[in-house]
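Let me begin by presenting the structure, written as structure tokens, before commenting on it.
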């Protein structure tokens, strides 16, 4: 009798584990057999989903750190003037002030933990409560709007960081209430379809433009006094104007980032699992090498301190500066209320739409009504996760389209989402590594996320100008005004203006129809009364 091969024994052991788990109370709760799945298949699916969305840990932290977080001028190191020191001005937040840079470093470490915890809690709740294989994490688009539109680069915007976080929490609470009373899906359907599609495209362009800039990307484009933006990739730039001092396309970090872009793009084109993260890993590892032109640890005080922290590799960091930084008083101002409305709008469209599309992809929809198994709990989970995320210092949480990677691997139950949560939990212990990811490693992923969001542009009704023009205005103004809110408001305004005549005409025709029906009723009633009087007059002599 032939001995079984090791692979066969492993497969038999796996089958035995799957049968045992499926027969337990846990297996029945997650409906492993009913959804034609297995425990080990769910674990593999969860790992695949995590690999495709793990980039958000460093990317989200990097984007939100650009806002400056809780760092202010008071964190700047005093300026030495002669034999005395002077209190630095607001310009210290845009230079390389050691004190401010150290505050940004602490903030980034906090935000890495906040991102991982929000993703862990959201994914776990999605799996345990809604029994769906969907991974959750702070969403792209909303984080860029928070950092660059609400708070502004290093706090240069109109809304302080603490007020912006309060706005995110208020939006999350409102979103939770809308989900609880069943208005969420109805609101999503009220927005014109082409505006919804254009919003996704515009956010994609916004992210791509962000990834091409120097502060949070590869530095391919920069400011120009004559054309507003131009090709840069400078090896050295004027700190005041951003203009290249030694010619364009000479930045070593740009060329390294371009290689990372090609690696990630190739992986995505060939449908490699976890393709989004490979380019980031390659560029990051090369940038860790000291003594090179692309190192993230230059021979400076800040670079040496960063390298010393990086060498720890494993270190559990506790949030010290971003958690609980909420100030609700500033929400009374119009610009803060507009920001809350914009976040709510994006959440209603993007999060709800993504969840429906993931349910459709996984085959969870009921077919007739368009709903899906676990829908109500899933809506409550992602809205509640946003409230937690704001309390930690991060932005709105959303369902990730990268969940399709796990669904493609066979994930059909909440065990997949719980596996994703376990992976995010493990990432909390590698803060020194995750905080050392440079902007030129993150930038290519932002550009490629933007590229993937372009796919819905084909569904816009370009042949109908009343639909196409508002959609174009929406998507064009987001990157060109560097404001997601401006694009949404302008698109809706143009849509209403172009449809006013049609709505007025429809209203007039309906009113005319109602009036005609009432006239006919009155005429018929009058005719009936007249015939009755005539008949009475005609029969009166006979009665006599």
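Heads up, the Cβ atoms here are built off N, Cα and C, so glycines get one too.
TrEMBL labels come from automatic prediction, so no person has curated them.
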Remark   = Expected hit for transmembrane segment in TrEMBL across 439-468, 469-498 is 469-498
Message = In TrEMBL, one of 90-107, 216-233, 234-251, 252-269 is tagged transmembrane segment. Which stretch would that be?
response = 252-269
Ask   = Between 312-335, 336-359, which stretch does TrEMBL give the note transmembrane segment?
value = 336-359
Key: Contact between the transmembrane segment (469-498) and the transmembrane segment (379-401) (at least 3 Cβ pairs under 8 Å, separation 6+)   = no
Inquiry  = Under 8 Å for C-beta pairs, could you tell me which stretch among 252-269, 336-359, 413-434 has the largest tally with the transmembrane segment (111-130)?
reply    = 413-434
Remark   = Spatial neighbours of the transmembrane segment (336-359) not adjacent in sequence (6+ beyond its ends, CB under 8 Å) are 132, 134, 139, 141-142, 145-146, 149-150, 159, 163-164, 167-168, 170-171, 174-175, 178, 184-185, 187-188, 191, 196, 199-200, 203, 330, 365, 370, 372, 375, 378-379, 382-383, 386, 396, 398-401, 403-404, 407, 484-485, 488
